[in-house]
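Q: TrEMBL lists these features:
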type     : residues : note
DOMAIN   : 25-165   : domain 'Casparian strip membrane protein'
TRANSMEM : 33-50    : transmembrane segment
TRANSMEM : 70-91    : transmembrane segment
TRANSMEM : 111-131  : transmembrane segment
TRANSMEM : 151-173  : transmembrane segment
């Protein structure tokens, strides 16, 4: 009877482990795809901006004339490289589950999120001035004269913000994977001299 119970427990434990392995594989696949997605988007935003220049009777303008757009190009290039590398690491079974690598993903995902967000934000400000101008300092709008340049720059900025949304999701995933490794903080009840978890009972 005891042998039968032991066999049942072993079978149940093996099934649970197999099911968890399937879930873990699905999560790893989803994370890998989510990390790969920004690669194409970053490259698209980068190429569009790199080719963004216009010459007409009013003069010439290029992305390199504006530091915000120059920063956007470099931010997207760094993002594409990191996304490809992190996707390759995340795709390896067990390679991204160690504590040092979870910490590394968490920190780098946060940094990349803010880097790309900053690039999109400053570029948006420049585009706003290009479209609207600034009457307070007698700046006229530039997009009425360089419409094609502004349209391409706008497309690049929109794609960059899509990348930001993907990196927000990646940051949430890496935060969850990191902080679920730790127990909730505990406080000591001085009256009973026992530790009590802060969250839940």
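Cβ coordinates are placed from backbone N, Cα and C, and glycine is handled just like the others.
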Q: Determine how many residues of the domain 'Casparian strip membrane protein' (25-165) DSSP places in helix, in strand and in coil.
A: 110 helix, 10 strand, 21 coil
Q: Should the transmembrane segment (33-50) and the transmembrane segment (111-131) be scored as in contact, given a threshold of at least 3 Cβ pairs under 8 Å and pairs 6 or more apart?
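A: Stretch pair does not touch.
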